[in-house]
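> Please read through the structure below; I'll follow up with questions.
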Amino acid sequence: MIEMSFDKETVLSCEGQTDPTSQEFNINDTSALHPPGNTTENNLSKDAGSEASLEKSATTDNNASSESAVLGAESSKQSHNGTKPQQQKVNKRRNTMSAGFKHPGYGKRRRRANSESESVLPTNFLLGGNIFDPLNLNSLLDEEVNKALNAETPKSSPLPAKNRDPVEILIPRDITDPLNLNCLSTGDSLLVSPLKSGGGRRRHRNKHHGANTGRVSTEGIGLTESNGCAAVKDDGTSLVSMTNVHLESTIADQTLLDSTLESSNKSSLTSNDNEVKEKTVDCSTAHLTANPTNPPSSRQRKRRRAGSRTENSSSSSEQHNESQGGNSRSGVSDRQQPYPNQWRPQYSNNNQNPQQPKKKFQYGNYNKYYGYRNPGMSEDPRIRVMNPDWFRGKDVLDLGCNTGHLTLFIAKNWRPASIVGLDIDGSLIHAARQNIRHYLSEVQVQHSRRSGENTKADRGEVSGEEKDKDKTSKHSFPVSLRISRGPIAGPPLPETNTHSLPPGDFPANVTFIKGNYVLESDVLLQTQREEYDVILCLSVTKWVHLNWGDAGLKRFFHRVYKHLRPGGLFILEPQPWSSYNKRKKLTEAICKNYHSIRLKPDQFSSFLTTEVGFSSYELIGTSQNYSKGFQRPISLYHKRPSSLK
């Protein structure tokens, strides 16, 4: 153990500071007397020289302090060679010192003093740099310095050559479909580059020269003359000659050739009489230039694209020649022969549908009504507020049936005895009749599913003729695809003369008729007979009101009442008055009728019960639609039975 003896003077010396020379002497003595690894006894006795050393250290100047710091460092190094218990004792004595006085030999102070010594920075860099650029990367910015460094040995990487060409950015035609996934044609997949657009200055210049001179530019046409082609020569007169056409060419190629001849004939008429030019058009190469992979056509396409922006639409729609008609096929000749800009608007106007006057839909006869009213829905939400018992086995009239989706749903699922769809637009009636085939396809799919489930049970009882039919049907079209996708072609429409199906079975119970339900005068109301049990009038009253005014709408309601049998039902869905304002400027007659309307939609119920003759009415519900404009209340009006008259 370490025996420690404290005297009064020793304790007083601890309050100050011991001399590092005395510490060094004591440590050396103890290390000599007691070797490392053995237990030592340290006796601290009174030393007369300790007070003198304390006074000396307190009165020393800055130079003496620095010397004591060096001595303290040496003493600390020697203490590390001593025993561990002795080192712990010294640390304890140092920790008892006052916080105001810091000895230069203190551990943290010693390390800080060592860190403040000046470090030697490198001066020789192998790559020729400096302290701020050791790798000499700045030399890559100067070509001369780079060449000098790489003259003997490639110490640094060579400077890459700068590409002075601007970066080409391809812009899709439709920013909402950058990958062109919605278009099935390959011609529309070409991306537009702003570097090759040419700008508007060149377009105006060509337009200016084309308007003044009227000359035909034939540069860049590398078409050779061959058999089966059309030659156009301008010698003061225009001559168009057409020779043998290949028998193997299709009808589309012949129409393509005709449009080429017409466009070349037009261009020859605009040329001057003093200027003689020869142009030859090869029929075989004319079809090949439509392919974007052909190098000559690609050069012409770039040149045409730089000349006018309208060329993009013409070149992209070139792949739709069969669907766009004969006018769009002339785009091939325009690409081969870049005519002046005065002919381009004529070509573009023929293909741009927005240039044509839009149909106003004066009577609300929208051709995509169910598409935007019920987007992504298989059934009309108005069906949920109706009761199937109202229609089962009854005679039904649907006023304003449009394309007949609601009419066909009622006819197929609720099995009325007969249902008639009436609309003023003949094209909508034609579409409704074609939609019967769609519903028949669904019926066949259901039958095929049922038959597929029962084929295994009834396989032994099938006759020979039915087996042959099954074999032919299996070879012609897979049963699984018929179940999942329906037949390839819809079934034919049933003939009206035949009565093979019993009444009430679809599609024998549905009929579509074109007609105007609003009579010309009130006198014709006297001739109306009772024919129907249920009459539907869904979202029609606004169009009757705008086109025929209050008088026409009142006549419309009176005819509905007379058309119903006793106890009949009238299902009405009127549009609100706020929706009238959006369509008041369609025609002059509509605008005039709009300002003369006095019978508002909120007054229909009182008018139908007091003046028309309906006994009662009830609100059966409001259709739940995504659009608030189509969330309209539906009312049911009752006609008195015959016994109560």
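Cβ coordinates come from backbone N, Cα and C, glycine included.
Heads up, here are the entries from Swiss-Prot:
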BINDING   Y370, R382, G400, C401, N402, D423, I424, N516, Y517, L538  S-adenosyl-L-methionine binding site
COMPBIAS  1-10  compositional bias 'Basic and acidic residues'
COMPBIAS  15-45  compositional bias 'Polar residues'
COMPBIAS  56-68  compositional bias 'Polar residues'
COMPBIAS  75-89  compositional bias 'Polar residues'
COMPBIAS  199-210  compositional bias 'Basic residues'
COMPBIAS  263-273  compositional bias 'Polar residues'
COMPBIAS  282-292  compositional bias 'Polar residues'
COMPBIAS  309-324  compositional bias 'Low complexity'
COMPBIAS  325-348  compositional bias 'Polar residues'
COMPBIAS  349-361  compositional bias 'Low complexity'
COMPBIAS  450-473  compositional bias 'Basic and acidic residues'
DOMAIN    380-642  domain 'Bin3-type SAM'
REGION    1-118  region 'Disordered'
REGION    194-220  region 'Disordered'
REGION    263-361  region 'Disordered'
REGION    444-477  region 'Disordered'
> Taking the Cβ of N402 (S-adenosyl-L-methionine binding site) as the centre, how many other Cβ atoms fall within a 10 Å radius?
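If we count other Cβ atoms within 10 Å of N402 (S-adenosyl-L-methionine binding site), we arrive at 26.
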> What mean pLDDT score does the domain 'Bin3-type SAM' (380-642) have in the model?
85
> Could you tally the C-beta atoms, other than its own, that fall within 10 angstroms of the C-beta of G400 (S-adenosyl-L-methionine binding site)?
23
> Validating a neighbour-count step here. Other CB atoms within 10 A of the CB of Y517 (S-adenosyl-L-methionine binding site): how many?
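Y517 (S-adenosyl-L-methionine binding site) is surrounded by 19 other Cβ atoms within 10 Å.
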> In sequence order, what residues of the same chain, 6+ apart, have a Cβ less than 8 Å from the Cβ of I424 (S-adenosyl-L-methionine binding site)?
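When sequence neighbours closer than 6 are ignored, I424 (S-adenosyl-L-methionine binding site) has Y363, N365, G400, K514, G515, N516 within Cβ distance under 8 Å.
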